[in-house]
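TrEMBL annotations:
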TRANSMEM  20-40  transmembrane segment
TRANSMEM  253-274  transmembrane segment
DOMAIN    257-374  domain 'ABC3 transporter permease C-terminal'
TRANSMEM  306-328  transmembrane segment
TRANSMEM  348-373  transmembrane segment
TRANSMEM  424-447  transmembrane segment
TRANSMEM  713-732  transmembrane segment
DOMAIN    717-833  domain 'ABC3 transporter permease C-terminal'
TRANSMEM  762-785  transmembrane segment
TRANSMEM  805-826  transmembrane segment
Amino acid sequence: MKKYSDLVNRQFKINLKKNILIIIGIMTSVLLLISVTYVGNFINEFNIERTKYSRGDYEVILKDLNIYEVEKVKNNIKVEKCGIYNVEKSMDIKIEDTKKKLEIYSGDYTIMNELFESTLKIIEGRMPNRKNEIALTLSAKDELKKRIGDTLNISESEYIITGFYKDDEYNVRHTLTGLIYLDIDTAIEKNNAVITMKNKKSIIEDIKEIVELLDKDENDWDVKENIKYNNMLLESYGIRISNGMMVVNSEKLYMFFIYLIICILTIVFIYGSLNGYLQERIHEISILRCIGATKNKIRYLLIKEWSILSIISLIVGIILGNILAWLIINIVFIKVIGINSYGVGFRIYYDVILSTIIFSLFNMAIAMILLIIRGVDRAPIEGTKVNNLKITYINKKKSKVIRFLFGYEGEIAYRNICANRRSFLIITISLTIILLMINSFTAFYLLNLKQYEYELNSFYDIHSTYFSETSYDYLLEDVLNKRDNYKKEFDDLKMIDDIFMNINLNSTITIEGVTINPELTKYYAINNSIENIAEEYKVKFNQASILIYDKASLNKIIPNINSVTGNNIDIQDFNENGFVVVNTGFNNPKAVFKENPKEEVKLYLNENNKSPIYSKFLGCINSDKLISGNRFGYYNRLTIIVNDEFYYKNKDIMDSLSSISSDINTSINIKKNINRNTAISTIKEIINKNGGYYIEEKQTSESYKNTVDASATLIYTMLFLVVCIGSINIINTRYINIISRKKELGTFLAIGIRKDKFRNMIILEGIVQWFISCTMGIVLSLIAFKIISIAFSYSVGQIYNIPNLIILMGALILLLVNLLSSFLPYTKLKKLEINELIRNKE
């Protein structure tokens, strides 16, 4: 050996397998950090593009600006794009017997072709580019019976129709829109400026600065009314608006905790690799010190060796992290699952790579400093001791639990694994984190899947709603007649397999003869929606819904009603002023009233109405048994179900309800033996004509299922990497620990103890370590999952538990890792003879 640096090359050749194991441990930590951050960035960009597609590519609208103020905004250096639009005309029109609004907007080139290009997507023809041209929403084509090239007379103006753009499904039920070209030279006094800012991180501050430059008088220009933020897009940017102030985005906070966990994992795994490396090298370092090597020379060797291992791990980890992220995004998400990515795909995030390099190098530098301190400042003679352990490290404490479960041999195994406290902590923390993440993330995914299955069971092909304000008929009897007419119109199509309809009325309800379930007030915040009136057995609900089911709908749900009397319920019971109450909560429904309430009760359907309805309380039903019931059964709102006869028997009281807001809800399943696309298109035309809006529930569920599948891919990819990294870290640490005990094995063999006895002892040590980690991991999993379920539950009353199968699966994975980490080093030791085991150098 000519120089000390030759030891580095020799060390890499001799300990090639161990060094590869260390490289894999650090590399997979970097890979996890890169891939998860890439996927997180992809999801964020996907949300941004999806919002732009559905809501428009703008961040704020400033209303009521004159033309000079608009020019100031356009010329502001912080503004990226600025378009102008105005509301030219708004009028009521009548299509057959349905009232709708016709709203005509004017917009410049930027509005039509840049900021709202996706929301104003042309289906037929083109956008207007002259003052006397107009484009209409697609539903106006049939409702107004117009074609491209026809003229449309509005007030005293005449326009030529140039095209039709896609409908706004949430607005088409009561409004038809049109768009004409806005000439900036003839703009009116009050204009609306639609703005996109250059700096996405300071949107709120920049907008406030622009408003100040416009010298707006707050008395004349209402800031709240005239500044309209695109809240959905800003939330995708990580900004949430609340009363004009920025607040923390909960999704960003959630992602922060995920990244924090990953960073902690990276630190733990890098430190674990360092610990294993140091244990392997400490004997050689001590010998070098004994033969005269200075501390500086040792530092040089350690820095060079660790730097080579770190750089190789970092480079390989970054490359493989990019490859894995590409596979997840472009192959799994887009091609296999079929997510509409809105043009977003895999791309290299140089800022992520840079931050990963800085973070990893920082941790590796800290690890290197610890390596030098522990390796150089140690007395040379210490490193040549058996097992390289100080006598003060040996655990003399008894564990009654371990002794009770595993006997005295288990207690000895416990003392052995606790002898090296650093290794014990590293292995315990790694195993606990693995089990914690397996249990928590898998159970969280199963909850999403359960929610999807719950909603899928209540989904129909099309769900539609009609609001009473879209009709000239406001009497409830007229609404009932309209419901029957709509149903007949659908039945006449001969395309419908099932059709269920109900009318939803909002009112206050006071019930005399019942007592509120104490769980609703003991555990849940009622928000003053439920009041226990001073009189006994009398409860007032300030928020309540009355669902009037038709006969077919009642027959559908009657088998799922839990009768208070235990007798079967039929239509006749409803005809006798009977009603059913919907239980609160979804996954864990609670009864609204105490058990065995009185069957005969009094209903007061208006707080100002002193006349009661003498009714029969028939029973309860869970919301998931209703027809499209995911909108009912909330914990602070009472929902009761009655039939048409209930209305006719109590017509005067029902018609006197203060609320005239009554919705007609329709759930439709299409026959399987007909063309689905044709049927849906025909049904949509009828819904639009009657002033309703619709949702393709099953199609929506497919989109939601894609989201669930995407989250599962991300979760299980991360879990797989965490298990791999943790396993490598644990195997590496235990491998070196057990190998360093070869003199112990040699001594046992010399005094007559068989190798299989030593093998059983090593396996028992792994089992004891597994038991300790499992206990900690399961407890922490239950706590963490309880927090997750509370934070992400959308309705009070849900109780989530980690399935026993998931806990068992996680425990078995940990057991497998422990057994593997015990067998690998033992297979090497058992091949050695006594003299080879006792010898100082392999």
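Using the three backbone atoms N, Cα and C, a Cβ is placed for every residue, glycine included.
The stretch from 348-373, 424-447, 713-732 with the most CB pairs below 8 A to the transmembrane segment (20-40) is 713-732. If you look at the transmembrane segment (424-447) against the transmembrane segment (306-328), you find fewer than three C-beta pairs under 8 angstroms, all six or more positions apart, and that falls short of contact.
Summed and averaged per residue, pLDDT over the domain 'ABC3 transporter permease C-terminal' (257-374) gives 77. Residues 431, 434-435, 438-439, 442-443, 446, 723, 726-727, 730-731, 733-735, 738-739, 758-759, 762-763, 765-767, 769-770, 773-774, 777-778, 781 of the same chain lie 6 or more positions beyond the ends of the transmembrane segment (805-826) yet place their CB under 8 Å from a CB of it.
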